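Listed in TrEMBL for this protein:
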- 1-59: domain 'Cation-transporting P-type ATPase N-terminal' (DOMAIN)
- 34-57: transmembrane segment (TRANSMEM)
- 63-79: transmembrane segment (TRANSMEM)
- 225-244: transmembrane segment (TRANSMEM)
- 250-278: transmembrane segment (TRANSMEM)
- 667-688: transmembrane segment (TRANSMEM)
- 694-716: transmembrane segment (TRANSMEM)
- 741-762: transmembrane segment (TRANSMEM)
- 768-786: transmembrane segment (TRANSMEM)
- 807-826: transmembrane segment (TRANSMEM)
- 841-861: transmembrane segment (TRANSMEM)
Amino acid sequence: MQFQGLTFEEARKRLAAYGPNELEEGKRLSPLRIFLSQFLNFLVLILIAAGLISYFLGDKIEALAIFAIVLAAGLLGFFQEYQAEKSLQALKKLITPTAKVIREGRLVEIPVREIVPGDIVFVEAGDIVPADGLLLEGVDLYVDEAVLTGESFPVEKTHRPSSQEDEEKRNILFMGTYVVKGKGYFEVSATGKNTEFGKIAGMLKEVEEKKTPLQKKIEVSSRKLGIIILLLSASIAFVGVLKGHPLYEMFIWGVALAVALIPEALPAVATITLALGVKRMAEKKALIRKLPAVETLGSVTYICTDKTGTLTKNEMTVKSIFVSGKILEVTGVGYEPKGEILWQGQPYAPDKALDLLLKVSLLCNNAELFFDEKERRFKIKGDPTEGALITLAYKAGLNEELRIKNPPLREIPFSSERMRMTTLHHLEGKIYAFTKGALEVLLERCAYLLTEEGLELLTEAKRAEILEVAHEFSKRAYRVLAFAFKEVKDSHLPEEEIEKELIFLGLVGMMDPPREEVKEAIKIAKEAGIKVVMITGDNKETALSVGKEIGLYEGGLVLTGKELRALSERDFEEKVLQVEIYARAMPEDKLKIVKALQKRGQIVAMTGDGVNDAPALKQADIGIAMGITGTEVAKEASAMVLLEENFATIVRAVEEGRTIFANIRKFLTYLMTGNTATVTALTLALFLDLPLPLTAVQILFINLLMDGFPAIALGLEPKEPYIMKVPPRDPKEGLLPKENLIFIFWMGLFMAFLAFSLYYYILWKDGPAKASSIFFASIIIFRLINALNCRSQNYSLFEIGVFSNKWLTLSLFFSFLLMLLAIYTPLNKLFHTQSLHIKDWILILIAGLLIWLVDEFYKFIKRKNSIENKKPLKKYL
């Protein structure tokens, strides 16, 4: 049946009239509400109240300073939170599902949101139905409607409804359901909120984004830290009162300390870091669908990958044919239909068996070969294996006219369970069944063999010869397909009847060359402590040959799907860590593999593209769907979609995931080290009955304005050169592991010791006013220098590049300028500071240099011990 569909102009009008085909989202916070929320924190409100009291008591300069800093901090908080919200929304726009519709008589792919009532949509196995509609034509079409009905069995759809079927809506397709089997065309009757799915979408509206485990962990840590800081601030203020400081002064000072030290911005900065990292991944052709995947990527220990298209180029070329007892060679590469069929180096004139094999190649085929004018090369639409078969037929002189004159009367589609495909055609006054598929499946269904001499019985000796040739093809890393046919009296016979006692025609050996970059990517993965396992539908010999060529196979076990299914769950769990290749595997086997690896404590990334891959993709710690060949169901079940179906892209994504998590640890370490130094030095001064080194305004200035920019910049730190040379991160590990906490403790104390020493020296020499300014400047300088230390916990600043993070360089420069503004005229009156001379700066910078040198020495000792003990550095921070 031929459909014309809507015109593009009519579709445009209907889109304007009916609106986009999407469900409404819950209301989101406006920028104004985000800004106002920055001042609704209990402690900030107390600080504002304290500022008002100061103002009415006559201390207007301090009051204005408090208000200015609170406002500036509010603007910074708004920027961070608003940017986080915008980043998350931008990520959603990257995920644009598409559908195939007929417009002006042509099948075109458009975004799902642009589908309108009246559109004619084409769906096939693996597609998610994009709208409600009436089925116009269907072939063996089964749809899973569990999302609407809860029914676990697929529903057969037909365009010939009876009254009973009308009740069960067998001729209607519903948005959100997915096609399990077959294909069909339907006319859209409802879109968006008017669909059955849309009517219940009120329960599904997104009121707020789900937090990732990392975000939840950061929020919990922030709350715990907040309670500790509140108690600590109150205790310090109480001690200050006992030491004779005025109650009101210590009240404001304690509140300022608590407001400054509680890391309110952590969740927003973490979200920005995650979102920007995901954006970088998208630029590298890895689209993250679920934010928790970013965290998990850094912990992956196993990558289970398909062979075709991921490890290989997915550009199949037929290299050899076995027919009539002869092995023929085929010249030409790729999809360009230029080449010859040769026997013993000479052109081979097709006999009856070869002629029929070529016709089966062309007619039992759903792909299309076309010339891309833009790229000036031949390309295929559809399965690459089928594209290679069309190319073979064209090389032999067949053309599209044969397909037009002999369309299929019926199709029994390929599936991973059947491992074969059959089409029925009216040819030369007879009805023929043409079948192609996996040799072991097809050979069992053949009773006869066609040769140059005619029809023969397929004896055991002949079967052994065919299997021997297939084995030889496999050793060359060829994918092997078998071809058969038979004459049938009626195209409506049962499938089983059509596909039995077939006549064997021959074998085709085709090659899909490995991608150039795969060998290096596998090497990088292995160095990073990640085991790579190949799962393929090809036979054992082909899989092993490819595995050796790309450096994946290292002498481990090679299991076939049949052998895997024969093992008990317990036996397989014992062997699973030794297996490197799974051959002749079915999608259902993937689920068993994932579960077994997870029971052995592994963090598993699994690739897939078909409907039957979905359970394994969902079960895996990281499900990775193919963006080009993948079905919508597979994409929906996955956490990551590869826009470029290449194994190297997975390794790059793991690298990026490690970098993102490492960067979050870096800015957490930076903030906590600075806070530890400030609190320790202030507490020491208080307990020694010395004047307070910092005023409330100065504390607010340092923590609310100085720290934010370097923290965000550390979240943008480029990857460290050795990030893929260390083992994966343990997912059970805390937000900040022991090593980081030790660094925070000793570096915080060291910074506090230096800052307090300078303060005490100047206090004794020049008095409290000058000492306070020195302390103010030194604690800021020390924190900015420590930002450079936090760029790597293991490697020297010179190894990672002093200026390799341009954002950090800019943020440090900007923070330094802010500090100078606070120290010199005219703002020094506002911040109660004195101008510093060049000798003061030399003193501060020498102390700051010590902070950097001590950290460099600490890192050097760690690296030296690692080399001497022949142990890798544990962390990649």
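One-based numbering along the chain as shown.
Including glycine, each Cβ sits where the backbone N, Cα and C put it.
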**Study point:** Positions whose Cβ lies under 8 angstroms from the transmembrane segment (807-826), at least six residues beyond its ends
**Key:** 698, 701, 705-706, 709-710, 712-714, 716-717, 773, 776-777, 780-781, 784, 787-788, 791, 833-836
Practice item. Rank 225-244, 667-688, 694-716, 741-762, 841-861 by Cβ pairs under 8 Å to the transmembrane segment (768-786) and hand me the top one. Key: 741-762
Practice item. Residue list, the transmembrane segment (741-762) vs rest of chain: Cβ under 8 Å, 6 or more residues beyond ends. Key: 669, 672-678, 680-681, 684-685, 690, 693, 770-772, 774-775, 778-779, 782-783, 786, 789, 793, 843-844, 847, 850-851, 854-855
Study note, to complete from the structure: Whole-number mean pLDDT, the domain 'Cation-transporting P-type ATPase N-terminal' (1-59), equals 75
